[in-house]
Amino acid sequence: MEITEKAPAKLNLFLDTPFNHDDGLPEWNMIMTSVDLADYVKIESISGKKGIKVRTNTGFLPNDHRNLAYQAARILQEKYRVRAKVIIEIRKHIPVAAGLGGGSSDAAAVLRGLNKLWKLNLSLEELAQIGLEIDSDVPFCVYSRTAHVLGKGEKVIPLKKLPPMWVVLAKPKLSVSTPYILSKIEHKELQHSNIDLMLDAIDREDYDSICRCMGNVLEQVTGKEHPEVLKIKDRIKQYGADAAQMSGTGPTVFGICSKSSRAKHIVNSLKGFCHEVYLVRIL
Ligand code: ATP
């Protein structure tokens, strides 16, 4: 038995972290959405056999328990005592360690896929709770639709579909370690924006207000370590994006445009200046 699941990249339209919990994990207050840049995760289950095998089309990603897709399969295998070998083949399209949640989305795809293959009949809410054991972004990725995400990532409140827009993703040639950036946060120094204004803008389907109300409190933190990220953001704005912002802990910066011609102009202008550039749509 096999199934292929799409694992879309995520963007943080809004990201704030008001404090750290006693266990060191951040409290999140985020608005996340998914775009049509995706990995493809083929999951095969062979009953009566044991083990988990992961293959990717990259030379550098781990194929063992360090791969988040592997962890997803192991958790379901153990929790529901399924005697079956799982073979996972990941075709990566999402840049790695980019702030686009590729690993989390692959893990969520495995949870959704095995839920179907093994007829576990778990709801998306149940899969999301299981996903939290892997990474704070996995619960969101189980749904992969625009949502308000709170707590340690476990509270995912679906929001209205966003107005149509074109999104330019620009990833400089550097990888950012999420744990490192999180360790650099000084909560007292962060300049917080108001998420309620953004929630209201989405509810009113007001594209201009959405552009005005975006914010990512970690831009200051990553930008201090990697000023290139802020330079790319400035360029995207100069080239005419309606708004631009870093996603997650970076380094990918995205620009949004209501007009496809403007977005294409930005993509062309960034070529040569930025290592990887993509033109995508919100799902
Ligand atoms: P975060 O969700 O923490 O912001 P990110 O989007 O910046 O992460 P990912 O592409 O998910 O970055 O990769 C983060 C780390 O996870 C990398 O160091 C990578 O080696 C590891 N990893 C484990 N499994 C995967 C996977 N299936 N795809 C990508 N990275 C993976």
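Glycine is treated like the rest: Cβ placed from N, Cα and C.
Note that TrEMBL annotation is computational and uncurated.
The active site annotation in TrEMBL covers K10, D137. The ATP binding site annotation in TrEMBL covers P95, V96, A97, A98, G99, L100, G101, G102, G103, S104, S105. For 67-144, the entry in TrEMBL reads domain 'GHMP kinase N-terminal'. Look at TrEMBL and you will find 198-274 tagged as domain 'GHMP kinase C-terminal'.
Overlay of TrEMBL annotations on the structure.
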residue : record           : contacts (Cβ under 8 Å, 6+ apart)
K10     : active site      : M32, T33, S34, V35, L100, G101, S104, S105, D137, F140, C141, S144, S247, G248
P95     : ATP binding site : G102, K171, T252, E276
A97     : ATP binding site : S175, V176, S177, T178
G99     : ATP binding site : N12, V176, M246, S247, G248, T249, G250, P251, T252
G103    : ATP binding site : N67, L68, A69, V96, D135
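Annotated ATP site P95, V96, A97, A98, G99, L100, G101, G102, G103, S104, S105; additional same-chain residues within 8 Å of its Cβ mean position, judged by their own Cβ, are A9, I94, G248.
Checking the recorded positions P95, A97, G99, G101, G103, D137 for a CB within less than 6 Å of any atom of ligand 1 leaves A97, G99, G101, G103, D137, listed in sequence order. Residues of the domain 'GHMP kinase N-terminal' (67-144) grouped by DSSP class, helix first, strand second and coil last, total 42 helix, 8 strand, 28 coil.
The residues of the domain 'GHMP kinase C-terminal' (198-274), classed with DSSP into helix (H, G, I), strand (E, B) and coil, number 43 helix, 13 strand, 21 coil. Across the domain 'GHMP kinase N-terminal' (67-144), the prediction's mean pLDDT works out to 97. The Cβ of S105 (ATP binding site) has 28 other Cβ atoms within 10 Å, all protein chains considered. Cβ neighbours within 10 Å of D137 (active site), excluding its own Cβ and spanning all shown chains: 28.
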